[in-house]
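Listed in Swiss-Prot:
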- Glu137: active site (ACT_SITE)
- Cys94, His136, His140: Fe cation binding site (BINDING)
Amino acid sequence: MALLPILEFPDPRLRTKAVPVDAAEVVSPAFQTLLDDMFQTMYEAPGIGLAASQVDVHKRFMVIDVSEEKDAPQVFINPEIVTRQGEQVYQEGCLSVPGIFADVSRADAITVRYLDRQGQPQELSTDGLLAVCIQHEMDHLDGKLFVDYLSPLKREMVRKKLAKLRKHVA
């Protein structure tokens, strides 16, 4: 397994809309290795979700593990939200926008259809943190970031703060 570089805002590649994964590709050794690498990258970061777009692979899949023990890895390939209910506000962060957190309003409960790691069709109804994480990662697949939900002024403040943080690291 290998750690993958995570793209950071405002990298324009984060705005690329991902294309569907071919069902035959899902079971290939290369794709399975990529999933393993994404999980390792997510856990090391540390994070609870990682979309392929964040590691410069512009295909519609993501890995998630919202468990405290980090022992419940989930793969969502070609995810599609089929129902949304209610509304909730969560403070979100993002591995592509390190050190920044903001309140984002999302559906409280969702039902999502997707292919699992073995390429089998699944449907999951969920709420709470997992629902938020799925919606957040799916935004990445559409070239959208959680900072897009902020006002232009706040978004510019985030961009400047990240630039300042990068200067201190360099």
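Note that Cβ sites are derived from N, Cα and C of the backbone, with glycine treated the same way.
Source: prediction; values computed, not measured.
Long-range Cβ proximity for Glu137 (active site), meaning a same-chain Cβ under 8 A and a gap of 6 or more residues, is found for Gly49, Leu50, Ala51, Met62, Ile64, Phe76. Note: His136 (Fe cation binding site) has non-local neighbours Gly49, Glu92, Cys94, Val104, Arg106, Phe146, i.e. same-chain residues 6+ apart with C-beta under 8 A of its own C-beta. Sequence-distant neighbours of His140 (Fe cation binding site): residues of the same chain at least 6 apart with a C-beta under 8 Å from its C-beta are Leu14, Ala18, Ala51, Ser53, Gln54, Met62, Ser96. Cys94 (Fe cation binding site): 26 other CB atoms within 10 A of its CB, across all protein chains.
The residues near the Fe cation site, meaning same-chain residues not in Cys94, His136, His140 whose C-beta sits within 8 angstroms of the mean position of the site's C-beta atoms, are Gly49, Ala51, Gln54, Glu92, Leu95, Ser96, Glu137, Asp139, Leu145, Phe146, in sequence order. In three-state terms derived from DSSP, Cys94 (Fe cation binding site) belongs to an extended strand segment.
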